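**Student:** One structure coming up, written as structure tokens, with questions to follow.
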Amino acid sequence: MPRRAASPALSENDFDITKSLFNDDIDGNDDDFGNTTTKNVEPLDANGILDLGLESDGDGDGAFISAQQAAANRKASNLKGQSVKKGGGFQAMGLNSHLLKAISRKGFNVPTPIQRKTIPLVLDNQDVVGMARTGSGKTAAFVIPMIEKLRAHSVRVGARALIMSPSRELALQTLKVVKEFGRGTDLKCVLLVGGDSLEEQFGFMAANPDIVIATPGRFLHLKVEMSLDLSSMKYVVFDEADRLFEMGFAAQLGEILHALPISRQTLLFSATLPKSLVEFARAGLQEPSLVRLDAESKVSPDLQSAFFSVKGAEKEGALLHILQDLVKMPTGLPENALNATDNFSKKRKRGPDGPTKKLKPTEHSTIIFAATKHHVDYLASLLRMSGFAVSHAYGSLDQTARNIQVEDFRTGKSNILVVTDVAARGIDIPVLANVINYDFPPQPKVFVHRVGRTARAGQRGWSYSLVRDTDAPYLLDLQLFLGRRLLLGRDCGDSPNYAEDVIVGALQRNEVESKSEWITKLLYDDDDLTALRNVAGKGEKLYVKTRNSASSESAKRAKEVVASKGWMELHPLFKDVTNGAEQARLEMLAKISGFRPNETVFEIGQKGKAAHSEAAEIMRHRREKIIPRRQKEEDEKAAAAAAAAEEDNFDSPAEENDDNDDLEVTVTGGDDDMAEASDGELEVTFSKAAQKGKGRTLSWKDSENFMSYTPKTINTAEERGYGVHSGSYNTASQNSNFVEAARGVTMDLTNDDGAKSFAEPSKAKGMRWDKKNSKYVARANDEDGSKGIKYIRGESGQKIAASFQSGRFDRWRKAHKVDRMPRTGEAEREGPASAGGVGRGFGTRYKHKQERAPKEADKYRDDYHVRKKRVAEAKENRVGSFKDGSGKSEIKSTEDIRKDRKLQERRKAKNARPSKKGKY
């Protein structure tokens, strides 16, 4: 019996050592296998086989197999003879071949740290909470394992994966990534966002999709309207989870989470996530794995930032100064827009000018973030009048218009995109060079998301921020959150580091003044632009009232920072364009702007007897009392600071770590930048500032046995900035202050029997007095926003908008003749009608069977000969009226005969003529 041929390796990780075992005497060729001859074949040693190799060296066999496997991994070859990439990247994660091809087609060679840490955990069916800085590949980290787990389209009705996004642009971008990685599979993916046709989305959900990418509001609308059953969901992703779990999406997420099955796998991803998962308790995480990468860097190391101190009335001029002198923004239409205009034609194009050509943004592409949509409209109009190519987008803009504006910026048809924070998260725009914060962000994590649009995937980028005096507390909060040094003016020296320091300075005075004057003239000439500016000013007043407040510590420090000399010094970016005379001019202007006269309004211009008036004497005596007291306080502060500095010089290093400033940081742990959250990870700890000038007292803390209520590894400023509930500093929901947190959880047992106490209003329980309408209104309406709006109770018991049950789905179902929607778990119908219900369901194709002959040709028409030819063809083919067959039946029925007789009798009675038979 001939020896069996060698089998090829089953997969990339398997290898064939048959040739080595048999000394390469077998080549595996089936044609020559029967003629194979053995050379120097030794007889089998039965004793050696029966001894089970006890006398042989097992380590030698293991070493031999390891050597063969290493050789196979070093260089393998596929069936075509081409070299295969080494394992260790995506190939080592056990992904299928179609997905690996899609990954390589996308251009991914090596997984990023967040992908390397999370993909194995997700494939192991674990709940994951992942945080990594912007541009690190978080979208692919949950899309790749999702496609690997779903594999193919399910014949059972019901979606299996849900991806929630806070904005429409982010959902659209996620859809593109899913389509790119899903090539080679038959998975169905739908996009459900606001602004699109609701009827079309009914059809999408009726087509039994596998993956649903949606925003919370529209998905809840479809769920309530269509009575969707979400029990088939196995894979749920919350992209930008900290934004989704804020109060704005509380009602929508509560209803959606209630409908999801408990056995689902839940993933949370964002660039800004707190270490504590208490705020995500509603997500239903089950023993999640927390992965926080680059927690200490927060922003890309390739990002360079500059902060400019400006006055409120000069912000528009400062913006033009940055665009023209720093960004070097060209005016007019970009080259891509000109090419698109010149090559416009209705004829379908192929090749390099066809629709497959991918246009890229220009090297001057800049995003400008504004506070409200009114600012966006005003700035977009102002920049267009300045000659720039501008696109704009905000939340309430029509969805089609938003897509057009963002796509124009993506393809390089415009250089500037003016947006609100709707585009601050997740939007990936390639080759984005600059980010400008026209309105300074009120939260540190919003700044992280804004500047994360640039310096992505190893590319360098710049961020410019305009900081008014009122924005200084938010700047200090950001500086504490990032853990960087704050340098004012020329304090940075000759070699400033814009990537690691927060450097604040002023813009060039003459440039800002000239551009501000030009804008003033433009506003004087254009009434429409003036109206837009007035509306933006009113919107800013409301925005300032409703934005989150800064921390009290930063508010106190901000007064000193703004009053310092370096606040209005020229920024180091302009050190090469200024000379000594310009610097002296700036110093003189700073002195003039900070000048405060000694005389009051009662004393200025008073001479002679008027100088000794009663009002002037009162102010003079008061000044004599206040000025020495103020000078004494300043001297005491200076002496206390000097004494504290002398004591610090004699302190040990261990004591210095306990008495650092608020600005100084203590770094503990190793420098592992890719570890899960643990007690030993790298954290930045801000120590409490000691009281200066009051003398040092012995601490009552026992260093060996004292236990603090806060872990040493907690960075207060960082956790406060990462807070989910809007990052607010003035709410008890923020656990940054133990006293505030304790006050928020206290339980009051007064009036527990429901009896009304003395002097309590009769309608005070659950009600409040509305001053505007002069009546009591429910306090619950203030919490959920249902002021004058009709609400219904959802399945979870929460109030949702009554407009979600408008009956539009029932009308759509009747219009498309869908008897009923298939239930979750039922088998999908085969054929074209599988998209709808039973019988003549949605998606059924109808074939027209009626045949009509062409009309007779008209000799006065231009196409007479063509029509004549068509008529001849119809006669030849016997189509329509020219078709052969039995003629019309002329046999009358009894009813026809009866009708004819009645008609004849009626005519006879009418004419009254005798019959011809009467003549004879």
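Our numbering is plain: 1 for the first residue shown, then up by one each step along the chain.
Each Cβ is built from the backbone N, Cα and C atoms, and glycine gets one as well.
So Swiss-Prot lists these for the protein:
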| type | residues | note |
| --- | --- | --- |
| MOTIF | 88-116 | motif 'Q motif' |
| DOMAIN | 119-291 | domain 'Helicase ATP-binding' |
| BINDING | A132, R133, T134, G135, S136, G137, K138, T139 | ATP binding site |
| MOTIF | 239-242 | motif 'DEAD box' |
| REGION | 337-361 | region 'Disordered' |
| DOMAIN | 339-503 | domain 'Helicase C-terminal' |
| COMPBIAS | 351-361 | compositional bias 'Basic and acidic residues' |
| COMPBIAS | 623-638 | compositional bias 'Basic and acidic residues' |
| REGION | 623-668 | region 'Disordered' |
| COMPBIAS | 645-668 | compositional bias 'Acidic residues' |
| REGION | 749-770 | region 'Disordered' |
| COMPBIAS | 813-831 | compositional bias 'Basic and acidic residues' |
| REGION | 813-920 | region 'Disordered' |
| COMPBIAS | 851-878 | compositional bias 'Basic and acidic residues' |
| COMPBIAS | 885-903 | compositional bias 'Basic and acidic residues' |
| COMPBIAS | 904-920 | compositional bias 'Basic residues' |
**Student:** To see if you understand the setup: which same-chain residues, six or more apart in sequence, place their Cβ under 8 Å from that of G137 (ATP binding site)?
**Tutor:** P111, T112, I114, Q115
**Student:** Relative to the Cβ position of A132 (ATP binding site), how many further Cβ atoms are located within 10 Å?
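**Tutor:** There are 26 of them.
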**Student:** Can you list, in sequence order, the residues of the same chain other than A132, R133, T134, G135, S136, G137, K138, T139 whose CB lies within 8 Å of the CB centroid of the ATP site?
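**Tutor:** The surrounding set, listed in chain order, is T112, I114, A271.
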**Student:** Using Cβ atoms and a strict cutoff of less than 8 Å, what residues sit near the motif 'Q motif' (88-116) while being 6 or more residues removed from its termini?
**Tutor:** 12, 123, 130, 132, 136-138, 140-141, 144, 147-148, 151, 180-185, 291, 293-294, 673-674
**Student:** Over the span of the compositional bias 'Basic and acidic residues' (851-878), count residues by DSSP class, listing helix, strand and coil in order.
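**Tutor:** Each residue of the compositional bias 'Basic and acidic residues' (851-878) counted once, the result is 14 helix, 0 strand, 14 coil.
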**Student:** Tell me the residue counts in helix, strand and coil for the motif 'Q motif' (88-116), as DSSP assigns them.
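**Tutor:** The counts are 18 helix, 0 strand, 11 coil.
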**Student:** Could you give me the DSSP helix, strand and coil counts for the motif 'DEAD box' (239-242)?
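**Tutor:** When I sort the residues of the motif 'DEAD box' (239-242) into the three classes, I find 2 helix, 1 strand, 1 coil.
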**Student:** For the binding-site residues listed here (T134, T139), which one has the lowest count of neighbouring CB atoms within 10 Å of its own CB?
**Tutor:** T139
**Student:** Check each residue in the chain of K138 (ATP binding site) that is at least six apart in sequence and keep those whose C-beta is under 8 Å from its C-beta; list them in sequence order.
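**Tutor:** In sequence order, the residues whose Cβ lies under 8 Å from that of K138 (ATP binding site) (at least 6 apart) are I114, G130, A132, D239, F269, S270, A271.
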**Student:** DSSP on K138 (ATP binding site), three-state: which is it?
**Tutor:** helix
**Student:** Pop the mean pLDDT for the motif 'Q motif' (88-116) in here, whole number is fine.
**Tutor:** 90
